[in-house]
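Pulled from Swiss-Prot, these are the features on record:
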{"type": "REGION", "residues": "1-22", "note": "region 'Disordered'"}
{"type": "MOD_RES", "residues": "Ser2", "note": "phosphoserine"}
{"type": "MOD_RES", "residues": "Ser2", "note": "N-acetylserine"}
{"type": "MOD_RES", "residues": "Lys6", "note": "N6-acetyllysine"}
{"type": "MOD_RES", "residues": "Lys10", "note": "N6-lactoyllysine"}
{"type": "MOD_RES", "residues": "Lys10", "note": "N6-acetyllysine"}
{"type": "CROSSLNK", "residues": "Lys14", "note": "ubiquitin cross-link"}
{"type": "CROSSLNK", "residues": "Lys16", "note": "ubiquitin cross-link"}
{"type": "MOD_RES", "residues": "Lys37", "note": "N6-acetyllysine"}
{"type": "CROSSLNK", "residues": "Lys120", "note": "ubiquitin cross-link"}
{"type": "MOD_RES", "residues": "Ser121", "note": "phosphoserine"}
{"type": "REGION", "residues": "121-143", "note": "region 'Disordered'"}
{"type": "MOD_RES", "residues": "Ser122", "note": "phosphoserine"}
{"type": "CROSSLNK", "residues": "Lys128", "note": "SUMO2 cross-link"}
{"type": "CROSSLNK", "residues": "Lys135", "note": "SUMO2 cross-link"}
{"type": "MOD_RES", "residues": "Ser137", "note": "phosphoserine"}
{"type": "MOD_RES", "residues": "Ser140", "note": "phosphoserine"}
{"type": "MOD_RES", "residues": "Tyr143", "note": "phosphotyrosine"}
Amino acid sequence: MSGRGKTGGKARAKAKSRSSRAGLQFPVGRVHRLLRKGHYAERVGAGAPVYLAAVLEYLTAEILELAGNAARDNKKTRIIPRHLQLAIRNDEELNKLLGGVTIAQGGVLPNIQAVLLPKKSSATVGPKAPAVGKKASQASQEY
């Protein structure tokens, strides 16, 4: 016979994705393809897409964690753009990173300037007791 076929020899191992090798959910192969296709550099190393996919996965997980907390605070089970906006703008580092980003349907942070808030007057606190040493007949000239 001519030696065709693979009756003997080692069986090929099951293919394992680079994402699973790195322990990531984000696609390392797709990130690598996009880095090559984007012409960011003439060549792309093997570790670069793994690192970039890990960074993207971490940032996504961080934002989704905070947005999930915002949704739970509002007694909702579904994350909407408003929850993403609240999560990002209330976190100092994420707000700095995504400062120039506009989130559609995100709204604004609730904020009322202190000067616009109603002043707490002494009348709302309660009637003042007369000071010790003054007689009740000597009323002050306060208006």
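If you go along the chain as it appears here, the first residue is 1 and each next one adds 1.
Cβ atoms here come from the backbone N, Cα and C positions, even for glycine.
Since we're looking at a predicted model, the values are computed, not measured.
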Protein Cβ atoms within 10 Å of Lys10 (N6-lactoyllysine), excluding its own: 6
Lys37 (N6-acetyllysine) - helix vs strand vs coil (DSSP): helix
Other CB atoms within 10 A, centred on Lys16 (ubiquitin cross-link): 8
In three-state DSSP terms, the structure that Lys16 (ubiquitin cross-link) belongs to: coil
Pairwise Cα distance for Lys10 (N6-lactoyllysine)/Ser121 (phosphoserine) [Å, integer]: 88
Helix, strand or coil at Ser121 (phosphoserine) [DSSP, three-state]: coil
Distance from Lys37 (N6-acetyllysine) back to Lys14 (ubiquitin cross-link), taken between C-alpha atoms, in Å: 28
Lowest local Cβ density (other Cβ within 10 Å) among recorded positions: Lys14, Lys37, Lys120: Lys14
Inter-residue Cα distance where the pair is Ser121 (phosphoserine) and Lys37 (N6-acetyllysine), in Å: 66
Cα separation, Lys16 (ubiquitin cross-link) to Lys120 (ubiquitin cross-link) (Å, whole number): 67
